[in-house]
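Participant: Submitted below is the structure of interest, expressed as structure tokens.
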Amino acid sequence: MENGAAQPVIVAIDGPSGTGKSSTSKAVAAQLGLSYLDTGAQYRAITWWMVTSGIDIEDPTAIAAVAGKPEIVSGTDPLDPTISVDGTDVAAAIRTQEVTSQVSAVSAVPEVRSRITELQRSLAAAAEQGIVVEGRDIGTTVLPDADLKVFLTASAEARAARRSGELKGADVAATREALIKRDAADSSRKTSPLAKADDAVEVDTTELTLAQVIECVVTLVEEKRAGK
Ligand SMILES: Nc1ncnc2c1ncn2[C@@H]1O[C@H](COP(=O)(O)OP(=O)(O)OP(=O)(O)O)[C@@H](O)[C@H]1O
Ligand SMILES: Nc1ccn([C@H]2C[C@H](O)[C@@H](COP(=O)(O)O)O2)c(=O)n1
């Protein structure tokens, strides 16, 4: 650019549950002065609204009919990401087991996906310095022209151990089964399933520390910016 200002950079980070997408994306965005969007939080937020509104989660037609109703607002500061529904802060409420166990069913409904995808694209377009967007279908569907696409993976054992460490005292085997079940549902839905984009860089984080994964992604972004 003539004035030397950096072009906004769009980074898509996808992968299964517990591979480190949120931790990595937040840190990379903070380090590089970019915005950050947790798209899983948006699907959790609409699921929370469906559950608290008494919508039958087993009925995709009922979900589709009200998918446009809740107003979901995401704050994109990586140091203080926020999520609200109709003005209520739901950051804690969307992390309950009740929401986690139902989010795959709600997020499989095409009307939900088109509504949330539109929100995600408008937030990405508004990010002046650029944005790190993490989820399941960012590189394939939401932002197919992203400057950099990363697909994080890790063994089910490593992911379960990480999650069990978070949920103190949680049974590792049960956590592993729950992760595998959610990934299978997210990967097998018809509309924009969890998938690696053909042009994504795959990073297996099983044997890497979080700091190593962050460094790896920061380097990939810097290489892209340098035109390498
Ligand atoms: N490379 C790593 N080594 C060890 N622990 C890690 C690593 N990456 C992430 N973690 C830890 O694993 C847990 C899950 O990470 P995180 O929430 O970032 O994953 P995620 O892919 O966003 O998961 P989900 O899709 O379920 O939201 C966190 O406690 C995080 O600190
Ligand atoms: N781009 C996305 C992001 C998330 N989802 C769905 C599928 C996940 O199981 C759920 C919760 O995501 P998490 O908070 O665990 O990252 O949301 C999706 O379908 N597409």
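The backbone N, Cα and C atoms fix where each Cβ goes, glycine too.
Straight out of TrEMBL:
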type: BINDING; residues: GLY15, PRO16, SER17, GLY18, THR19, GLY20, LYS21, SER22, SER23; note: ATP binding site
type: DOMAIN; residues: 11-222; note: domain 'Cytidylate kinase'
Participant: Suppose we screen the binding-site residues GLY15, THR19, SER23 by Cβ distance to ligand 2 with a cut-off under 6 Å; which survive, in sequence order?
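Facilitator: Near the molecule: none at all.
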Participant: List the other residues in this chain whose Cβ sits within 8 Å of the Cβ centroid of the ATP site residues GLY15, PRO16, SER17, GLY18, THR19, GLY20, LYS21, SER22, SER23, in sequence order.
Facilitator: THR24, GLU134, LEU152, ALA154, ARG159
Participant: Ranking the binding-site residues SER17, THR19, SER23 by other Cβ atoms within 10 Å, which is at the bottom?
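Facilitator: With the binding-site residues SER17, THR19, SER23, fewest surrounding Cβ atoms within 10 Å: SER23.
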Participant: With an 8 Å cut-off on Cβ-Cβ distance and a minimum sequence separation of at least 6, pull the same-chain contacts of GLY15 (ATP binding site), or say none.
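Facilitator: Same-chain residues close to GLY15 (ATP binding site) (Cβ under 8 Å, separated by 6 or more) are LYS21, ARG136, PHE151, LEU152, THR153, LEU194.
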Participant: Secondary structure at SER23 (ATP binding site) (DSSP, helix/strand/coil)?
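Facilitator: In three-state terms, SER23 (ATP binding site) counts as helix.
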Participant: CB neighbours of LYS21 (ATP binding site) within 10 A?
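Facilitator: If we count other Cβ atoms within 10 Å of LYS21 (ATP binding site), we arrive at 27.
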Participant: Across the domain 'Cytidylate kinase' (11-222), what does the mean pLDDT come to, as a whole number?
Facilitator: 96
